[in-house]
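Some features that Swiss-Prot has for this protein:
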- 14: active site, proton acceptor (ACT_SITE)
- 42: active site, proton donor (ACT_SITE)
- 13-19, 41-43, 306, 332-334, 415-417: GTP binding site (BINDING)
- 14, 41: Mg(2+) binding site (BINDING)
- 14, 15, 16, 17, 39, 40, 41, 42, 130, 144, 225, 240, 304: IMP binding site (BINDING)
- 300, 301, 302, 303, 304, 305, 306: substrate binding site (BINDING)
């Protein structure tokens, strides 16, 4: 029987979702993005060749897959064309494989300028956005003044709507942030220039996916960022502007939640975070540097150095609660090779001395907690590139088993390297 599978991050993003999606798409007919924008960075390594995608779903490299960008994604025409050109230069027929919802909010130049101006105005307390206009575009959507892909197909009305929203934002840019206004004429011309290109890819996403489900096609939903960056459930306000959790599938792709069969949570064997915000298990010592260097922990989108820390089972419990995770994919296990001792956070100690196994909701509350650790022996053997579970070091197996016990969820896939072939699949999400 056909399966509909969600693949999402369970930490602060950068868990390795791109590789896993690419690995699993050999059995998928559709791969769907349902939230975020080109602030995501999904890195694929296939036969040693590296590809970084920010907006287009990771399944685009598969001939058998139709990729879909749902209404929950904020779409930058400029970013889409740039990414499409990069792929087409490598022989990938993007226009044949990609479909887009006409309800996608557009990211336009003034959104980018607002994003940059706001981060600068925050001084030494930035949110840590990518500066790509994601948040301002979602704000316009919620405020019901945003322009959508479908608006481009009526140039006269689009010009009027653009003038109104640009006057509003230019007032803020010039009077409050004291920066230059964005040109109406150039913004209009650039936007309308891509209208026909986008129109050729526009479909009714909800209807397409529903028909696919009824035909028995396999559908995969590809999340961006991670659970702990969710606008509602993350470490607010140090979060992204969309719902990165499983609920985003229903709202961002118009796909009924009762039709989802399996939720695969991608989780690193340790923890990383880019930008500002709480990070209870963060390491400022040599071990943290080791994880960062060996794990190549630099953001695929911004190039920023990622903060590193131990595995946080408390945060993962929340991710399991929110997402109804069926199974985990544990990534970057090989980065732990050579460490004598490993630590796992099993609780948060509060100021009153109590220890809780669930995280607080607000970022400020994290300042009052101390992580409680459980130590485990590390391993000196090499796990890099291992493709059979029995060939893993025994201490690595013990570590995996303990993570399963603490989260209450089985680890169905283990990634031991960046290439799609450097993987141990214990249970395939499309086959369970």
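Using N, Cα and C of the backbone, Cβ positions are placed for all residues, glycine too.
Recorded features from Swiss-Prot, shown on the structure.
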{"residue": "14", "record": "active site, proton acceptor", "DSSP (3 states)": "coil"}
{"residue": "19", "record": "GTP binding site", "DSSP (3 states)": "helix"}
{"residue": "41", "record": "Mg(2+) binding site", "DSSP (3 states)": "coil"}
{"residue": "225", "record": "IMP binding site", "DSSP (3 states)": "coil"}
{"residue": "303", "record": "substrate binding site", "DSSP (3 states)": "coil"}
{"residue": "333", "record": "GTP binding site", "DSSP (3 states)": "helix"}
{"residue": "416", "record": "GTP binding site", "DSSP (3 states)": "coil"}
Look at the binding-site residues 13, 41, 303 and tell me which residue has the greatest number of other C-beta atoms within 10 angstroms of its C-beta.
13
Counting across all protein chains present, how many other Cβ atoms fall within 10 Å of the Cβ of residue 14 (active site, proton acceptor)?
29
Quick check: of the recorded positions listed here (14, 39, 304), which one has the Cα closest to that of residue 416 (GTP binding site)?
14
Expressed in Å to no decimal places, the gap between the Cα atoms of residue 306 (substrate binding site) and residue 225 (IMP binding site) is 14
Of the binding-site residues listed as 39, 41, 130, 225, 305, the one whose CA lies nearest the CA of residue 13 (GTP binding site)
225
Express the distance between the Cα positions of residue 19 (GTP binding site) and residue 41 (Mg(2+) binding site) as a whole number of Å.
11
DSSP says residue 130 (IMP binding site), in three-state terms, is coil
Tell me, if you would, which residue among 43, 130 (binding-site residues) has the fewest other CB atoms within 10 Å in the structure shown?
43
Among 19, 306, the most crowded of the binding-site residues [Cβ within 10 Å]
19
Among the binding-site residues 39, 225, 416, which residue has the fewest other Cβ atoms within 10 Å of its own Cβ?
416
Recorded positions near residue 43 (GTP binding site) (Cα-Cα within 10 Å), from 14, 130, 225, 303, 304, 305
14
